[in-house]
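**Q** Handing you this structure, nothing more for now.
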Amino acid sequence: MWQWFHKLGSPKWFFGIAGRLMPWLGWSALIVLTAGVVWGLLFAPADYQQGDSYRIIFIHVPSAYLGQSLYVAMAVAGVVGLVWRMKMADTFIASATAVGAAMTFLALLTGAVWGKPTWGTWWVWDARLTSMLLLLFLYLGVMALRGAMEDPDVRARASAILVIVGVVNIPIIKYSVEWWNTLHQPATIKVTEAPSMPASMWVPLLICLLGFHLLVAWLILWRMRNDILLRERRARWVRDWVLAQ
Amino acid sequence: MQFDSFQALITMGGHGAYVWFSYATFILVILGLILATAIQRRQVIKHHRRLMRSEAQRHGSGGKTHNASGA
């Protein structure tokens, strides 16, 4: 366990393993996402109340899920970075921020577009939507903070603290649909209960969710490799790698 | 297949604009992320090449010419 943890902290080892994983992740993301989207758009049945507008779910739910889980992962990395001074933790935060922001933006936008035909409005200032908007601002805040700081150590510590403080927003998003009255419906798929939709709908949703995970993992590993190259610019192996390109 | 015709697939019973707009944005956002990451990679490699060139130049001329621009 500790040996693995130690290895994970080595940029050179991580760079190599990420490079070997990336093609598998990238191609499987393309295949799984295409399958999920085609199934959801063409073959899943229409909803008896919402008609075809519910097909937005196949991108809305995975992007909302990843927008939140990436933020939690960044907060965990923030703690690891602060406690063990692991450089790779900051590399993860640097690389996941833009991807998490994109996912949150997608969730908000597809939610608004879905809201119009379903609720009759693009936007309401209720707990779920407002806390999700706050999540987008947190991501943008981390990006702005990192852009404003020159010193890598100060930057790593400051962004780790901001990410950790902001994680309080995540349970608010999750439970907002239960604590307060809202237009937004509660979760459709829960680990602990049977899904409230037929298999012909939740199976493609699960496939899309898997595809989104693969895609996001691929993108983040790619960005982490870029970050490592920049950070380790003095290292001999980095120079050899660049010369080989 | 849930749709009888291509026309039905496009209109989706009046909801087509909402659904297709969502999926188009999804594809655009993903392509944007991929493009941004590819550009990031190119810039990192360029940065390294410039750094190595300017160092080689400095060593080559006995450290007299310190050329920050690396040209």
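Just so you know, glycine gets a Cβ as well, placed from its N, Cα and C.
Residues or ranges marked as transmembrane segment in TrEMBL: A:21-44, A:64-84, A:91-115, A:127-146, A:158-177, A:201-221. What TrEMBL records for A:27-184 is domain 'Cytochrome c assembly protein'.
Help me understand the surroundings of these features in the structure.
**A** If you look at the transmembrane segment (A:91-115), the same-chain residues 6 or more away from its ends with a CB under 8 A from one of its CBs are 11, 53-54, 56-57, 59-60, 63-64, 66-67, 70-71, 73-74, 77-78, 81, 121-124, 129, 132-133, 135-136, 139-140, 142-143, 146, 156, 159-160, 163, 183, 212, 216, 219-220, 223-224, 226-228, 231.
Sequence-remote contacts of a segment are chain residues at least 6 beyond its ends whose Cβ falls under 8 Å from one of its Cβ atoms, and for the transmembrane segment (A:127-146) they are 64, 67-68, 71, 74, 93-94, 97-98, 100-101, 104-105, 107-108, 111, 155, 158-159, 162-163, 166, 169-170, 172-173, 176-177, 179-180, 182, 184.
Below 8 angstroms of C-beta separation, residues 68, 71-72, 74-75, 77-79, 81-82, 89-90, 93-94, 126-128, 131-132, 134-135, 138, 141-142, 145-146, 149, 184-187 of the same chain, each at least six residues beyond the ends of the transmembrane segment (A:158-177), sit close to that stretch.
Panel annotation: around the transmembrane segment (A:201-221), residues 18, 21-22, 25-26, 28-29, 32-37, 39-40, 43-45, 47, 57-59, 61-63, 65-66, 70, 92, 95-96, 99, 103, 188-189, 195 of the same chain, lying at least six beyond its termini, place a Cβ under 8 Å from a Cβ of the stretch.
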**Q** Compute the average pLDDT of the predicted model within the domain 'Cytochrome c assembly protein' (A:27-184).
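**A** Overall, the domain 'Cytochrome c assembly protein' (A:27-184) comes to a mean pLDDT of 92.
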